[in-house]
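Quick look at what TrEMBL lists:
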- B:ASP37, B:ASP82, B:ASP233: Mg(2+) 3 binding site (BINDING)
- B:ASP37, B:THR51, B:ASP82: Mg(2+) 4 binding site (BINDING)
- B:ASP53, B:ASP82: Mg(2+) 2 binding site (BINDING)
- B:ASP53, B:ASP130: Mg(2+) 1 binding site (BINDING)
- B:HIS60, B:GLU286, B:TRP338: substrate binding site (BINDING)
- B:TYR112, B:GLY129, B:ASP130, B:ARG156, B:SER235: ATP binding site (BINDING)
- B:ASP236: Mg(2+) 5 binding site (BINDING)
- B:35-148: domain 'PurM-like N-terminal' (DOMAIN)
2 protein chains.
Amino acid sequence: MSERTEIAELGEFGLIDHLTKNFEIQNVSSVLGVGDDAAVIDHFGKQTVITNDLLIEGVHFDLMYTPLKHLGYKTVVVNVSDIYAMNATPTQIILGLGFSNRFSLEALDEFYEGVHAACDHYGVDLIGGDTSSSQKGFIISCTAIGEVTPDTYVKRSTAQKGDLLCVSGDLGAAYLGLTLLEREKRIFLESPGVQPDLEGEKYIVGRILKPEARKDIIQFFAENGIQPTSMIDVSDGLSSEILHLCKDSELGCVLYEEKIPIAEDARQAAFKFNLDPTACALSGGEDYELLFTVKQDDYDKIAANTDISVIGYMAEAEAGSHIYTKGGNKFPITAQGWNAFNKQ
Amino acid sequence: MSERTEIAELGEFGLIDHLTKNFEIQNVSSVLGVGDDAAVIDHFGKQTVITNDLLIEGVHFDLMYTPLKHLGYKTVVVNVSDIYAMNATPTQIILGLGFSNRFSLEALDEFYEGVHAACDHYGVDLIGGDTSSSQKGFIISCTAIGEVTPDTYVKRSTAQKGDLLCVSGDLGAAYLGLTLLEREKRIFLESPGVQPDLEGEKYIVGRILKPEARKDIIQFFAENGIQPTSMIDVSDGLSSEILHLCKDSELGCVLYEEKIPIAEDARQAAFKFNLDPTACALSGGEDYELLFTVKQDDYDKIAANTDISVIGYMAEAEAGSHIYTKGGNKFPITAQGWNAFNKQ
C-alpha cells in the first residue's frame, strides 16, 4: 500500500460513511440500512433467518498470508454459508469491526472491497455495523440475515433413519491450502529472502483464502423440488458435522470412505505433505460445502447433479456412527475423524 | 469465585449447551433458536429491526471494576436501547463471545447470569451465538432484533423545523460514575490496601455499571399515540447525539442549558470532582436515555410524563446548532459539547 490515512482523521462516523458509501441496496426487504440505531427488514410472507460469526486475528486468520480483500470476501462467505445451510437465501449482513491503530484506512478499504465483491456475488445488502478500536489485532463480527418460504427451512435435527447422507463439492482442500501457507510462513520467518513456493497449488490455496458458499446447491434444491431432511455447512471438518446431524437427529450413520469427494489437486498435495487425503476431508474444516440428508426417493434427483456426492446413509442411533474404509475396515467416527485411524 | 472449570473441558458445543440451557423462548416469533446454523424469526405483519454492537475489553469495559454479571446485563441493555431508539420492541438477541483461557466457566456463567436477567427484564430471547477463543481479553458481539408495526419505526433523519427536542431521564451520571471508578482504581493500584470509597455514590455507579434501556418510554409513546419525528439513544453524550439528529435531518437546533435534566446525586458528584455538571451531560455518554423530537402539537402529551424533559427545539439548518447557557450566553454545540465553553 502506497498511501496511509490514519483512521483518527475521519472519526468513527466519517469512517462508517466512507466504508459504506459504495454499497447499494439490492433487496426490497432492506427497508432501512446503515446509518441509524438499527436496520429494518421487511419480510412479509417470509421467515427471517439470522446468524452471527466472530472472527479474531490470530485465532481465525493470519494476516501474514491472508490478503485483507480475501478476508473481507471470506467474512461474508462464512456467514452466508450458515444461511444456505438453513435452506434460506441470504439478504442482508451487518458488520462489526474492531481494529488497532496499526490499521490504516487503505487497509480497511481493501477489506471492504472484498466484502463488497462478496455482497455483489451473493446478492446481500450491507445494512449496518459498528466500528471500534481494539487494543490488539483485527476483530470481525458479522451477522447475516436471510429469508425462507415459511417452514421450508432445514434444521440439523430432522434427519430420518434410511435417509441418504450427501455432500456438495469436494473436501479437505482448504486444510491442505492452510498447511501449505503455514509451511511457507515458517520458511519465510526463518529465511526472509526465500519467496513462497505456491506453484501449482492454486486450487488448495484458493479454497482456504477465497472459499465460496453453495448458493447453487440451494437453487438446485428449489428448482428440483428437493427438501433436504437435515443440513449443516462443513466448517469444522466432515466428521464433526456428521456427528452434529447424528446427535441432533438422534440417529447413527454409515459413511463410505471411497465415496468422500476429494479433488485431485488436494490428493496430490496431501501426498506431498505425507498426509492422508481422507483424514484431511474428515478433520480439516473450512470447506464451506453443504452436508445434508435427503429421502431415498430423492436419489434420482440428487444423482443428476454431478457436484453432489452420496457418501452414506443415516442409521438407527443404537448402530452408532461408522466409516467403512477402502480397505474394508469399520471404525467409529469421532469429532477428530482420523484419530481412530491413527491409533491402529 | 471458589470454583474454576477450564472451558476446554466442555468443548465449544458443550459450552454453548451449558451457557444457553436456562434460556426459555419468550416470543412466538422466535421460531428456531440456539443450536443450528442460524436462528429463524417469524415476523408476519411486522417489520424487523436489527442492530449489532461489539464490546472489547480494555476499550469498552474494564474488568477490574466491572462485575461480569453487570457486564452481561449491560451488553443486552446497550443493544436493546438501539432497538427502542427505532421505536421498536426488542424480541431476540444473538451473542458472539471471544475469550482467552484466563476465563473460567464460572466467569462465563456470571456473565450469562447478567444476560439472562436482562433478557427476562426486557422480554427478549437469546436465539443463537458463537463462542471462540481470543488471544487476549474478552470480546463481546451482540446482535439485537426487534419488531415494529410497519412504518412506525423512527429514524434520525426525519425531524422537522419547530419540533420539540426532548430527552428521557437524566444525563451525565454514568460519566461521573465512571470517573469515580477510574479514580478508585488508580488509588487501589497505588495503594492496594485502601478500600474503594463508593459511599453515597450508589446512583452514579449504578448508572455506569447497570444502566437500563427506556422500554417504558416506548410504551408511553404507544399508549398515548405519540409518534416521535426522530429519535436516537444517548450513548455518546447529549451534544454528539443532538448533532446526529441535526445533521441527518438537515436542521439546526436551540438547546437550553437550564432544561438539561441532571440528577441531584450527579450534580453533587460533579462538584466533588470539580467538573461542570452540564459538561458531563453534554459530553459524558453511556446514559442510554432516549433523545427524540415531537411535533409541537404533542407538547401536552409529553408534558404529562415527568420523566421526559423538553430541552429545546429544532431550527433551520442555516441557524446552526446552539446552546443558551444559564448565564445568557449562546455557544455553538460541538461533538465534544463542553470544549467551546472551556475556551472562554
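Quick reminder: no glycine exception, Cβ is built from N, Cα and C everywhere.
In space, B:ASP233 is the closest of the binding-site residues B:HIS60, B:ASP130, B:ARG156, B:ASP233 to B:THR51 (Mg(2+) 4 binding site), judged by Cα positions. For B:ASP53 (Mg(2+) 2 binding site), other Cβ atoms within 10 Å of its Cβ number 21. A gap of 12 Å separates the Cα atoms of B:SER235 (ATP binding site) and B:HIS60 (substrate binding site). Long-range Cβ neighbours of B:TYR112 (ATP binding site) (same chain, at least 6 residues apart, Cβ-Cβ under 8 Å): B:LEU19, B:THR20, B:GLY72.
Across the domain 'PurM-like N-terminal' (B:35-148), DSSP classifies residues as 35 helix, 46 strand, 33 coil. Each of the binding-site residues B:ASP82, B:ASP130, B:ASP236, B:GLU286 was scored by the number of other CB atoms within 10 Å of its CB, and the largest score is that of B:ASP82. Pairwise Cα distances among B:TYR112, B:GLY129, B:ASP130, B:ARG156, B:SER235, the recorded ATP-binding residues, top out at 32 Å. When the binding-site residues B:HIS60, B:ASP82, B:ASP130, B:ASP236, B:GLU286 are compared by Cα distance to B:ARG156 (ATP binding site), the shortest distance belongs to B:ASP82.
Close to B:GLU286 (substrate binding site), meaning Cα to Cα within 10 A, are the following binding-site residues out of B:ASP53, B:ASP82, B:GLY129, B:ASP130, B:ASP236: B:ASP236. Filtering of the binding-site residues B:ASP130, B:ASP233, B:GLU286 by Cβ separation from chain A (threshold: under 8 Å) yields B:ASP130, B:ASP233, ordered along the sequence. Sparsest Cβ environment among the binding-site residues B:THR51, B:SER235 (other Cβ atoms counted within 10 Å): B:SER235.
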